[in-house]
Amino acid sequence: MRRYVLMMAMMVFLGTEILALSTPVGQLTLYRLMALGCWPILLYSTIIDSRQIKIDVNNPAWLHPLVYLIWLIWGLFSGLWAGSFKHWVQASFLLLVGVSSVWALVLWIENRFDWNKLARSIWWMMTGLLLWGLFEVFTNTYLLADLSKLDPYNQFALGWTRRIPVTIFTNQNDYATMLIAYISLTVVRCIQTKQPWWKVLYLVYLLLTGLLIFLTDSRMILLSTLLYFIILWLLEYRIDYSAKQIIKLAVLAGFILAGVIIITPSFREKVMHLIHIVGPSMNTGDSRRMNLWRNGLVLFSQSLGLGVGAGNIEYQMQMQPFLPVDGFTNIHNWWLEILVSYGAITFVFYVFSYGMMLRQLFELRNWQPVRRRQITNVFIAFLIVYIFASITSANNIKIEWHWVYFGLIISYLRIEYQHYRNEKEGYYELINHIA
């Protein structure tokens, strides 16, 4: 099964156009087929082969697959009140595929050797997308992109600095979000290798990634990248902040930001553009996005906290455009997408799981040796910046690589907790033997 899940994880980076078939539900890709195929294989292993599935309830990492399963069940249940059956079927299908891949990775990636192979396989596929993006930028050759939308004013002909990389993605923001995850895995590879020339090569890849993020013109991803390296640098120092200290730092940062807004006219004008609901300021992209979020919150309140149903945000936005959004319907916010589509219960479970994932990683780094602690720091930094970076992408349910990536992080947690427990038990056995 290890080879199967490795292949499944790699296939997600082919996107929905390469080696895919069109169906009424959506594109049928190799990744989706393999993710759904995990369930019959699981049944065959348990019923016919009589193999036991190991779910260790004492391992805290199992919390996250269970939360994803609750999310899936609620998403399927939301079809009872969803306004558009077609949109509900499509979203439920993608949710089923995503949750299936997470469970497959957590179940069948059982040790550090398997995990390293998985991380390496994903890194190579992401590297392929990095090189593809460079090819697009320097040759002005786009194999899958719709140039009528991407370059309506023919700016790409003016030079490589005007071109935007997208590869398999619909837009540059989705591609830039993937590059943040690629940075994390490249840093992991750099930590793991002992060859100096490989470290130099990884550094080159990081610089090229930074260049592509800059060319995407995605402000949030660019800021998230800078924040990522700042957090990673801070985590190298073993400073344990209490909850009280963190709150004080957050309040101080809030006062500093408020001071900047009050003192700087250009910054104040930018904030006022976001606050305005109608009028000339509404025509800006940021104000339009804020109105989309406001519309989403209105839809959430109308659903009495249950959510409008899987995949039904855009449908409801078309039916009930409370605030002007110039015809746009995609909410462009991963967190609000979960809240508005799947309701308060699912949202609370997801946020709790996300917070616990961070807490568990912080717990792990307290006992890990230096090299393992550095890898843990990488994932802590990624999870923190992904809170902001995920707001940039248009629709994370459809951008399927993130399911595999979170499966990678959760399987890392499960394996590291198992190692910690084994070492602890071995230590107590040694003490008892000596005694």
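Placement of Cβ uses the backbone N, Cα and C atoms for every residue, glycine included.
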Given ranges 5-21, 175-191, the stretch to which TrEMBL attaches the annotation transmembrane segment: 175-191
From 270-291, 292-313, the residue range that TrEMBL assigns the feature transmembrane segment: 292-313
Outside the transmembrane segment (121-145), six or more residues from its ends: residues with CB under 8 Å to it: 6, 9-10, 12-13, 15, 17, 156-157, 160, 163-168, 175, 178-179, 181-182, 185-186, 188-189, 205, 208-209, 212, 215, 404-405, 408
PLDDT averaged over every residue in the domain 'O-antigen ligase-related' (205-351): 79
Remote residues contacting the transmembrane segment (375-393) - C-beta distance under 8 A, at least 6 residues beyond either end: 173-174, 176-177, 180-181, 184, 187-188, 191-192, 218, 220-221, 223-225, 227-229, 231-232, 235-236, 332-335, 354, 357-358, 361-362, 364-365, 368, 399, 402, 409, 412, 416
Contact call for the transmembrane segment (61-82) and the transmembrane segment (30-49): at least 3 Cβ pairs under 8 Å, seq gap 6+: no
Candidates 30-49, 88-109, 175-191, 292-313; stretch with most C-beta pairs under 8 Å toward the transmembrane segment (203-234): 175-191
Contacting positions for the transmembrane segment (88-109) when only residues 6+ beyond its ends and CB under 8 Å are counted: 1-2, 4-5, 8-9, 12, 25-26, 31-32, 35-36, 38-39, 42, 53-54, 61-62, 64-65, 68-69, 71-72, 75-76, 78-79, 82, 115, 118, 309-312, 341, 397-398, 400, 403-404, 406-408, 410-411, 414-415
